[in-house]
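Before I ask anything, let me first share the structure, which is written out below as structure tokens.
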Number of protein chains: 2
Amino acid sequence: MIKPSILPGFMELLPEDQMLFNKVKDTIRKNYEKFGFIPLDTPVMEKSEVLLAKGGGETEKQIYRFSKGDTDISLRFDLTVPLARYVSQHSNDIAFPFRRYQIGKVYRGERNQKGRFREFYQCDIDIIGNEKLSIMYDAEIPSVIYSIFKELNFGDFVIRINNRKVLNGFFKSLDIEDVSEILRIIDKIDKIGADAVKEEITALGVSADIVEKIMSFIALEGNNDSIIEGLKALKIENEAFTEGIAELEAVTNHIKYFGVPEENFAIDLKIARGLDYYTGTVYETILKDYPSIGSVCSGGRYDNLAGYYTNQKLPGVGISIGLTRLFYQLREANLIKTDGNSTPAKILVIPMDDDTSYSIEVSKTLRTAGIECEVYFEKGKLNKKLNYANKLGIPYVILIGSDEVETGKLTFKDMKKGEQSKLTVEEIINQY
Amino acid sequence: MIKPSILPGFMELLPEDQMLFNKVKDTIRKNYEKFGFIPLDTPVMEKSEVLLAKGGGETEKQIYRFSKGDTDISLRFDLTVPLARYVSQHSNDIAFPFRRYQIGKVYRGERNQKGRFREFYQCDIDIIGNEKLSIMYDAEIPSVIYSIFKELNFGDFVIRINNRKVLNGFFKSLDIEDVSEILRIIDKIDKIGADAVKEEITALGVSADIVEKIMSFIALEGNNDSIIEGLKALKIENEAFTEGIAELEAVTNHIKYFGVPEENFAIDLKIARGLDYYTGTVYETILKDYPSIGSVCSGGRYDNLAGYYTNQKLPGVGISIGLTRLFYQLREANLIKTDGNSTPAKILVIPMDDDTSYSIEVSKTLRTAGIECEVYFEKGKLNKKLNYANKLGIPYVILIGSDEVETGKLTFKDMKKGEQSKLTVEEIINQY
């Protein structure tokens, strides 16, 4: 006998949580489709030479890689590399801008720790242009984020927006070449505070007056218009900087037409989102009731998606939701709760004697009317059968004995209220 | 530069086919949920010792198995073994009968050949009892099959039903112990014909009178009632045989109450479905317009799901649809066609000049009304923009220039009919 168990670092849910997880996943999917994103479903495993074309990097150690026969295979560790491969492989068959969504599992053999998973869902959208891509798509992305998190109802949230050109231009103007270390320090400001950031940057050997300039730059606050004005007032003569401001202005000016309320998005000059990938707009999404979990939806603009596979220049903008981790964190924090349903069934039909034919016909009528239901066929005491409905959180029960068969008046029980009434199938369907 | 390509034997679809594939998958899911099946999502990889507990068998060679660190890992090759592991692992937390569905990818390193895939979707339902499970669940399963294939609209189909106890009892009564070889031969009758079957069975050394008995047994035809009568008329004194007839009778008698028309199911004594797994009712589903692809949905009753993991007896009944292969075959046979849509978007909003704000607001209004849509932000000639809509199969286009902004009357273009009219957003929503 083998003890049934799964690998450590993998998430597997009981029915009640699975129902909730699927509800969240379906909401994300529905909203992606509402914005006309095209579903994609690439293989979970790919040729290692293709998937690892970029090579190196921190993720490479974590990749599930193995051989089968002569083939060197890796499991995908994100949905971006497969997208790059797909777009360059099929560029003649797809229309640009190519708007795709993919919701699928990816694999990373991370160190085993609470809240980190080795198999997890990513829910990605990207808009890929052929040679160029309008900045207006950067303004559209926050409206997708907004419509999802509004519907998910995890409480107040804010989409933080920045532009890498503004950051790069600013640091270039200070003659700082390697901005990555400084950005990494700034990224921690919410956790360690402004003073500690100042100290750490100073410790890098940056002169006091430049540290002051950096600190006052990232301290630029207020509403979006005043931050833009503040940036312009710096009068920095740098092409990237100027371009970055123009982009940031265009994006924030147009987001509102998409219906995103002012309180749900804000320029934040402190965010950078990774160091070598994004080249323009960047996004983070923070749940106000639970900022400690960090960004729940991030992304940005990149100059070139698929340089490893094609000479065609493919700029894009996109975001990703790491659903498995997010779900785990929200459940831990009690920020989402199940509604007690462990099944899609809304009605349980219980035959009270051996002749089940009428019960079956009732279930058929309910399904035809679009009501998810099932018949409980096992024998046993009524209590056991009602317990089944309770355990699964099925809200209504129909009891059918010989009386019900004769009169067509069914015993309809509301499991939450404990109320019981006599109704015909049609009355049940209408009332439902 | 690396050539972008995927592994051989993997299916990857272009948007138009992906849309169609998802539609089929969603239909299956919706119907599974209509019958109150609970979604499950087990990990794609599991401990090899758990997944291969049963050991041996033909599939073992095909399994993707590898090590990461000290861990011996395998990718799931079906959804049944993970279900067995799940139910035995969580038996205290789930309610029985446990009705679960799972739609997910499984992996088999099969020999590379047309129409065979190494990664493919299985769409499974199973109903698992604790110690026992009513035969009525066997009668329910065909109604799930019926509701799916009715809605999928792949043409006429028939669900063939048999019972392994009838087969086993019959062959036992003939003193044939090893029935597997004979069943394998009988299984080919549709391809090779009755005479060839007779020859092959004779070649096994079976005596002429017993061959005759076998041939007249499998030749039992007519409607379900007359086959049942024919079986009873054989007057075979064997417990399994008698029990099998009673089950077959109970199942076929009750299927009709579930709303499955008589023409869509039939007893077929020739089907056996695998040799060591099923123990009672077995199912096959044949598309009448395309019988050559074989059964598109199969399954049956088994005595014990999880003997390798638990002493708890877990009988069950279930079916599986091999969606990837089915989709491939139906597309090859032109039995399903896409409706030309490569995107969920139903309307493309095209701004005719640089000010996109009104176009964005229109798209927002459409989405709020539940209409999937997108705005085309790239610059260029109108023709290029209309081409984009055509290439993606977006059925309607709204053109917005300064006239439209001023009057609120939008140019609404039906791309199929080529007709064009002036409508307000509200009129478009109402008419849609």
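Using N, Cα and C of the backbone, Cβ positions are placed for all residues, glycine too.
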Given that TrEMBL lists A:ASP78, A:LEU79, A:THR80, A:GLN122, A:ASP126, A:ARG273, A:TYR277, A:TYR278 as binding L-histidine, which residue among A:ARG29, A:ARG65, A:ARG108, A:ARG111 does it place in the same site?
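Only hit among A:ARG29, A:ARG65, A:ARG108, A:ARG111 in TrEMBL's L-histidine site, alongside A:ASP78, A:LEU79, A:THR80, A:GLN122, A:ASP126, A:ARG273, A:TYR277, A:TYR278: A:ARG108.
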Around the C-beta of A:ARG273 (L-histidine binding site), how many further C-beta atoms are within 10 angstroms, looking at every protein chain?
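So the number of other Cβ atoms within 10 Å of A:ARG273 (L-histidine binding site) is 19.
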Across all chains shown, how many C-beta atoms besides its own are within 10 angstroms of the C-beta of A:GLN122 (L-histidine binding site)?
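Taking all protein chains shown, A:GLN122 (L-histidine binding site) has 20 Cβ neighbours within 10 Å.
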According to DSSP, folded down to helix, strand and coil, what is A:GLN122 (L-histidine binding site)?
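The three-state answer is strand.
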How many angstrom lie between the most widely spaced Cα atoms of the L-histidine binders A:ASP78, A:LEU79, A:THR80, A:ARG108, A:GLN122, A:ASP126, A:ARG273, A:TYR277, A:TYR278?
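Result: 22 Å between the two most distant Cα atoms.
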To see if you understand the setup: which same-chain residues, six or more apart in sequence, place their Cβ under 8 Å from that of A:ASP78 (L-histidine binding site)?
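In sequence order, the residues whose Cβ lies under 8 Å from that of A:ASP78 (L-histidine binding site) (at least 6 apart) are A:THR59, A:VAL106, A:GLN122, A:SER320.
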If you count Cβ atoms within 10 Å of the Cβ of A:TYR278 (L-histidine binding site), leaving out that atom itself, what do you get?
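For A:TYR278 (L-histidine binding site), the count of other Cβ atoms within 10 Å is 21.
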